[in-house]
């Protein structure tokens, strides 16, 4: 089998490339995916409110675990990644957040990445998006990704939590992806007008499937990329449960879109990576690149949970006898509780004036439960998910063998810097001050977690070590740039070889301020134009917020109540 391009991974980036490259009728593309189809009748992946279900099994989840994390009580921590058409867009939380404009301006300040500024990237965000309330300078109206905005009449806790954030002295913003990310406001989601998950399989692949120049093979686990000298020429993969070896060849390029965990593994198994590691595993060296698998970053987060004095939370939706009605309304009408991911409000703040753009993110949820669906509080409640955005901590990914079925060694090195501890302590204390504001007086019950007894630095640190969790945002493990630890250039081309690119979240040089899916799609849209030889989209001239000397907050309406005095 020979194609012009072989794409490894039908995820958030790979599906974008498959759709865009096959717009050229004379180009042939093979798309390889280790998982299976995105079954449209499987509520676990298609119903937004069921987002916890895919993380509880292995049909759609690689279910990686980290090595014992030394600063987190040596816990082996979850590292769920999507498996199947859609990749992690098939199992993520569907929060449509692009990051802060300053993230991209920072990227563009790095040598070789000058065309990755916010105004360079904004046209590609717009190209990918169809927002349900229409386009503007920041949002698109004709893209493959359906974006739904919160509507009047949604849960009153969303509005109360945003109002509390403003009363605590932080800005309000009406669009976390618009002129000003900083502040509290409504949160958009990747959900279709019919209440279905808007994965890239639905948005991009559905457009491309009818084309004769696209071949999709599922249950195809990539073993390694093949080379002739320094040129990538094809892919060796294992097909089906039997693991039958197959080979496909690429006339032009191999495009690696495996994500921040799989892409460095595949490069290392193919002979591209740290020379010492490859020699130890008897992997023939094609190109020594010490940065492959290094610079690994993620977002860590915690939940602060409270009981709710009024019966307005989503707790009844967790009870089995209410779920058939919710499911029927969603299935036939695409409406109701099932049609939302229930992350309809959130925000970004600076915990201290020293930060030039937000370093803390909030997701508000009108129920008290872990992200993966475990440990649901058996009463009406609500919670704030809070975590730092740009930790200085850096991890790494290393293959353990040549076997593509063996999971790699993953170490994020969470909380390995003093800044991490300052930020998370600040985050807990600021959250308590937000929850104490008058807007939440009608709803705020007792603090369930961390609890009134967790107050001083040592107590907060112990809570963080034991309870902080991944936000499922691994990135940066094959970073763009031209320094000695860079893996690819600003167009995703792997240094030192020909005919090979990496296009996914792994090539971010630094993690962004927010959820990764929208930005991963943007990266793929931008590089797709490069691959096709298209003129880049014209740079935007939209104005955007820069904090400058603006204080991180003003005086709160109410200074924090002692935790023990909460009603």
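We number each residue from 1, going along the chain as drawn.
Yeah, the Cβs are placed from backbone N, Cα and C, and that goes for glycine too.
Under the heading active site, proton acceptor, Swiss-Prot lists 473, citing sequence analysis as support. According to DSSP, residue 473 (active site, proton acceptor) is assigned to coil rather than to any helix or strand. In sequence order, 298, 299, 505, 511, 515, 516 make up the list of same-chain residues 6 or more apart from residue 473 (active site, proton acceptor) whose Cβ falls under 8 Å from its Cβ.
Secondary structure from DSSP puts residue 12 (FAD binding site) in coil. Neighbour count (other Cβ atoms within 10 Å of the Cβ, all protein chains): 31 for residue 12 (FAD binding site). If you look up Swiss-Prot, you'll see 4-33 marked as FAD binding site, on the strength of sequence analysis.
Cβ neighbour count for residue 20 (FAD binding site) (all protein chains, 10 Å cutoff from its Cβ): 23. Within 10 Å of the C-beta of residue 24 (FAD binding site) we count 14 further C-beta atoms, all protein chains included. Long-range Cβ contacts of residue 32 (FAD binding site) within its own chain (separation 6+, distance under 8 Å): 6, 7, 8, 9, 10, 217, 220, 222, 235, 237, 248.
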